[in-house]
Every structure is written in structure tokens, then in C-alpha cells.
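Asks: Structure below; questions to follow.
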Amino acid sequence: MNVLPVVGRFAPSPTGAMHLGNARTALLAWLHSRALGGLHLLRFEDLDTGRVRSWAYDTTRRDLEWLGLDWDAEFRQSERLPVYADAVSRLTAAGETYPCTCTRREIRQAIEDSAGAPHGHEPVYPGTCRLHGAMPGRPAALRWHVPDGTVCVTDALTCATLCQNLPAEVGDFVLRRNDGVYAYHLAVVVDDALMGVTDVVRGADLWTATPRQVALGRALGSAPPRYLHVPLMTDFRGERLAKRGGAPPLRALREGGEEAGRVLSALARSLGWAVPERVSAAELLPLWRAQLTRAGFFINPQS
């Protein structure tokens with residue numbers, strides 16, 4: 001039986017300069033693809049054009065190259081709008097979408113009026129426009145009517161399992177915003193399927209979004225990839241590094257004369273790996289293989 005080749009990806013948003021947290025995730029995604037002899041893709045998630053910075057594409061490439069991370073193909077989501085439109089058309093033809101004109105304020109008010117409460121950090125949409133129809137004359141988003149039942153996913157790195165009842169814990173979510181921009185969850189699911197991505201290494205902040213992405217992929221006829229969620233890098237206050245929070249850019253280290261080997265060593269040591277003061281990305285490959293072995297990771301020939 002033939003084993004499908006591993007295809008991994010790093011998918012940054014070009015909304016600013018990469019910081020050390022982005023770099024660590026990029027490193028781990030690259031290590032995973034290369035340690036398993038697979039292909040590695042670079043995909044710019046740039047659908048929200050209002051937040052995109054044109055210089056960030058080249059800066060990101062330079063940062064990755066400086067760290068010794070290569071890739072086999074490059075994509076921009078902004079150049080792939082027809083494939084997202086096709087996915088939306090298929091879901092709509094199946095009767096699984098509906099227009100929604102609710103504002104965030106109206107959604108929160110509806111939840112309060114029904115004596116409900118937000119789950120986690122986001123309110124669960126109560127299905128107002130599905131039940132009562134969209135408001136005429138307003139710009140409308142497009143929501144996916146999530147299927148009934150519970151979706152469970154198991155992380156291939158941590159072996160943790162997460163089960164979510166989508167209607168109760170997530171609610172019908174947006175596929176296309178009311179300004180016409182396709183939503184992250186739609187684009188990432190469509191792209192991973194069409195690009196043949198088998199393994200997704202990404203930050204732990206996306207763990208709770210995984211069940212809805214798996215469900216959406218199934219609705220579009222695609223099998224889910226393996227998901228490996230890695231810890232986020234935090235500052236001295238324990239808060240995650242973020243572009244919006246003013247995390248120092250990797251570019252400043254690169255342009256300031258810092259050695260890439262020292263940065264890679266610091267990233268590796270932040271994961272608890274014992275490495276020299278200077279190390280190359282290639283020299284970290286055995287450590288990632290060992291990490292996978294300890295996690296009981298395996299490749300399912302039938303996946």
C-alpha cells in the first residue's frame with residue numbers, strides 16, 4: 001500500500017513583521033515537513049487586504065531564508081478567490097448557507113435576551129437570521145448552518161482530544177463577511193484540501209477552531225489533515241507574543257547583525273531542547289523526530 005507523501009505548510013498573515021513567536025512556529029512546521037521527507041508550502045493568508053502591508057511579503061521571505069527555512073511552492077490567498085467562491089456555491093446549492101445581517105451588538109443582545117451566555121471568548125450565534133430571515137436593505141454576511149452533533153479531533157502531537165457540539169458551542173459561523181471578504185475558516189479548509197496538505201503544525205491558539213474546520217472540510221468532501229498544535233511563545237508577563245501587541249520584529253535582529261544560528265538556538269532552547277549556542281535548522285531535525293517519537297506520532301498509510 002502506498003503511503004501518501006507528507007505535505008506541510010506555514011501560513012503567515014502579511015499584516016506586519018514576523019516576531020520570535022511566528023519564527024518558532026515556522027521553524028516547527030518546517031522541521032515537521034522535512035523530518036518526514038515531505039513537501040513544505042508557504043501560503044500567505046492575505047484576504048483581509050485592509051490589514052495587509054505590501055512590504056511584509058518580502059520581509060517574511062527574507063526572515064525565513066535567514067533562518068535556513070526553504071519551501072517548495074508559494075501561494076497567496078488573495079489570488080485564489082475563485083476556489084473559495086466555488087466552495088461557497090457548493091454549500092449554498094446544498095442548502096447549508098444563509099445570509100445574515102446581524103451586527104455583533106445584536107448578537108450579544110439576542111444571547112442576553114435568551115438567558116444564554118457566551119462560550120469561551122466568542123458568543124455562539126443564536127441563528128437569528130436562519131430562523132427569522134435577514135434584514136432587508138442591510139449588507140449581508142453568509143453563514144454556514146453547522147450540522148447537528150459532536151465533532152471530535154485528536155491532536156497528533158499532544159494526543160489530546162477535543163469534542164465540540166457545534167450548534168451549542170460554536171454556532172453557525174461566517175463563510176463570507178458582509179464586505180465580500182472570505183472568512184479564515186473557509187479559506188484555510190479549502191486551501192489545505194486543494195493543496196494536498198496532510199499535516200498542519202500551528203499555534204495552540206487555533207486548537208479550539210479545529211472541530212469546526214474538520215466539519216466544514218467534510219461538508220466539502222475532504223478528509224482532514226493531521227493537526228499538531230504547538231505552544232505559543234509568551235513574554236515575561238506570560239502573554240503571547242503578537243504583532244498587535246508590539247512584539248519585537250525578527251527583522252530587527254536580522255538587520256541588526258544578529259546570527260541566525262544564535263536565534264535558532266534560542267528558539268530550540270525555549271522548547272526545552274539541549275542545543276549548542278549556535279545551531280542550524282537542519283541540525284534540529286533529529287530533535288523534532290525524537291519529539292514525534294515520544295508523542296507516539298505515526299503516519300497512517302490509509303489517511
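Cβ coordinates come from backbone N, Cα and C, glycine included.
Among the features that Swiss-Prot reports, L-glutamate binding site is placed at Arg9, Phe10, Ala11, Pro12, Ser13, Glu45, Tyr184, Arg202, with the record citing sequence analysis. Residues or ranges marked as Zn(2+) binding site in Swiss-Prot: Cys100, Cys102, Tyr125, Cys129. Positions annotated as ATP binding site by Swiss-Prot, on the basis of sequence analysis: Lys243. Taken from Swiss-Prot, the feature motif ''HIGH' region' covers 12-22. What Swiss-Prot lists as motif ''KMSKS' region' is 240-244.
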Asks: State the residues, same chain only, that lie 6 or more residues beyond the ends of the motif ''HIGH' region' (12-22) and have a CB under 8 A from a CB inside it; answer 'none' if no residue qualifies.
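Replies: Residues 44-46, 48, 51-53, 56-57, 59-60, 63, 203, 232-233, 240-243, 247-252, 263, 266-267 contact the motif ''HIGH' region' (12-22) from elsewhere in the chain.
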Asks: Take the C-alpha atoms of Pro12 (L-glutamate binding site) and Tyr125 (Zn(2+) binding site) and report the distance between them in angstrom, rounded.
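Replies: Cα of Pro12 (L-glutamate binding site) to Cα of Tyr125 (Zn(2+) binding site) measures 28 Å after rounding.
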Asks: Quiz question: given the binding-site residues Arg9, Phe10, Pro12, Ser13, Tyr184, which has the greatest number of C-beta atoms lying within 10 angstroms of its own C-beta?
Replies: Arg9
Asks: What is the separation, in Å, between the Cα atoms of Ser13 (L-glutamate binding site) and Tyr125 (Zn(2+) binding site)?
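Replies: Per the Cα atoms, Ser13 (L-glutamate binding site) and Tyr125 (Zn(2+) binding site) stand 26 Å apart.
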Asks: Near Cys102 (Zn(2+) binding site), which residues of its own chain have a C-beta under 8 A away, given they sit six or more steps off in sequence?
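Replies: Long-range Cβ contacts: Ala110, Tyr125, Thr128, Cys129.
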Asks: What number of additional C-beta atoms lies within 10 angstroms of the C-beta atom of Ala11 (L-glutamate binding site)?
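Replies: There are 22 of them.
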Asks: Between Arg9 (L-glutamate binding site) and Cys100 (Zn(2+) binding site), how far is it from one CA atom to the other, in Å?
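Replies: Taking the Cα atoms only, Arg9 (L-glutamate binding site) lies 33 Å from Cys100 (Zn(2+) binding site).
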Asks: State the Cα to Cα distance, in Å, between Glu45 (L-glutamate binding site) and Cys100 (Zn(2+) binding site), rounded to an integer.
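Replies: The separation of the Cα atoms works out to 24 Å.
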Asks: If you compare CA-to-CA distances from Cys100 (Zn(2+) binding site) to each of the binding-site residues Phe10, Ala11, Tyr184, Arg202, which comes out shortest?
Replies: Tyr184
Asks: Taking 8 Å from the centroid of the Cβ atoms of Cys100, Cys102, Tyr125, Cys129 as the cut-off, which other residues in that chain fall inside it around the Zn(2+) site?
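Replies: So the extra residues in range turn out to be Thr101, Ile107, Gly127, Thr128, Arg130, Ala134, Ala141, Arg143, Asp172.
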